[in-house]
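Features as listed in TrEMBL:
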- 29-478: domain 'Major facilitator superfamily (MFS) profile' (DOMAIN)
- 22-42: transmembrane segment (TRANSMEM)
- 84-107: transmembrane segment (TRANSMEM)
- 114-134: transmembrane segment (TRANSMEM)
- 201-224: transmembrane segment (TRANSMEM)
- 322-340: transmembrane segment (TRANSMEM)
- 352-374: transmembrane segment (TRANSMEM)
- 386-404: transmembrane segment (TRANSMEM)
- 424-448: transmembrane segment (TRANSMEM)
- 455-474: transmembrane segment (TRANSMEM)
Amino acid sequence: MAGGFGSGGAAAGRAELYEGKITGYFILACIVGSFGGSLFGYDLGVSSGVTSMDDFLVKFFPDVYRRKQAHLHETDYCKYDNQVLTLFTSSLYFAGLVSTFGASYVTKRHGRRASIMVGAASFFLGGAINAAAMNIAMLIVGRVLLGVGIGFGNQAVPLYLSEIAPYRIRGAVNQLFQLTTCLGILVADVINYFTDRLHPWGWRLSLGLAMGPATAIFVGALFLPETPNSLVERGHLEEARRVLEKVRGTHKVDAEFEDLKEASQAARAVTGTFRNLLAVRNRPQLIIGALGIPAFQQLSGMNSILFYSPVIFQSLGFGSSAALYSSIITGSMLVVGALISMVTVDRLGRRFLFIEAGIQMVSSMVVVAVILALKFGKGEELSKGVSTVLVVAICLFVVAYGWSWGPLGWLVPSELFPLEMRSAGQSVVVCVNLFWTASVAQCFLAALCHLRWGVFVLFAALIVVMSIFVILLLPETKQVPIEEIWMLFDRHWYWKRIVRRDPKYQGNLHQQQEMSRI
């Protein structure tokens, strides 16, 4: 079915005619494409570890290093409260925010694969500059190039995976992006654990190894097929059908190919793609997919833990090596959560995972806040028992995020947008996501310093709001073909009141009534 309301209801039941099987070619495309997530994950993990390494702090942030060594009452929560240090982390995400609009143009005009390759090349350059950095300016330049790479990768990879996947397993396939992101984090945590012992240049190795996955993704992308959706959108119909047949492993792709062509026809009829996001018929996609979910994904507090988990554990009294070791544990929990999500998302559905995880995440944040309020902030290290409970609570939070807001924060928006606004919509998703990622990264350590344990209460309250948002406004999208998602809003208890006010909807409704009379 075409996106939006562009083609009426003729194809509403066509999805049951789709044929195909899981082919080796499809698996290869998914593996190579999904590795774009490893760039994002590696950076999340490596930057969090590097900012806690003594050699790195001595060279670039000596004031923070001196505060870190102090065990004074007033510095328990504030040892790392330095805006230049947080700028090292957040500058990447501000750069990604800006670059995603250029990524939208490349993705739409030249294909999803081209954006993945541009992102890999920029990430490679950023890793090289960071590894050779002699001053803060070089660090920031390198981070900006890394941000451009992430902006392009995060824009293209979720679209690529959602479009190339059969609709019955689209959720699991799309979540390969989150799985490789989590694996990137875990690999970076392990690398940081060992490079922390290589004085005084271990941090350079951690940052420079970002060039490894960037190279692998660029080379792999040379052999990737473009998605049939993108090829049809750009008018390459014969190639699109050839790729679709090869990916599906059958020549019987008429039904799916017709849906793609109808969606493309509707897309070409639309002008002002970004402006079209504001149309009444696209209001659900704008509010849920472009604004709500990507913002809430970051406001959950998870990325604060990912950015600064070694810093948090050190601030809470863990030694340097113990803090990095604890980060490996939380990174492992994230991988476990992603694997659970891949297995269950197309069975239990998106809403179930969102709601269950919300309850678990709120409970975990409350436990963390209570422990810190009662036991922390007295200039003393936490006892072994209390520290263990704290790590377990954080791990339960991380694993719940790993099967919910982490992967679903990318999956659900990539499903919602019709073809004519899919590239533009994904750009807004990435832009909003990176804006809140950068904002949280820039503000978290200051918030930890001033709000103390209250910052975790704040995150718990936000997770309650997020869960209510999902319960009230998000329809279940599991096993619904991507070109028919819009029909869910036409039947939703709230959104149907909005979308049916659109003049285009009324025109299509009249057309369908006339056809039914004939």
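Cβ atoms here come from the backbone N, Cα and C positions, even for glycine.
What TrEMBL says about a protein is an automatic prediction, not a curated fact.
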Selected stretch (most C-beta pairs under 8 A with the transmembrane segment (84-107)) from 22-42, 114-134, 352-374, 386-404, 424-448: 424-448
Leading stretch by Cβ pairs under 8 Å, where the reference is the transmembrane segment (352-374) and the options are 114-134, 386-404, 424-448, 455-474: 386-404
Selection from 114-134, 386-404, 424-448, 455-474, the stretch that has most Cβ pairs under 8 A to the transmembrane segment (322-340): 386-404
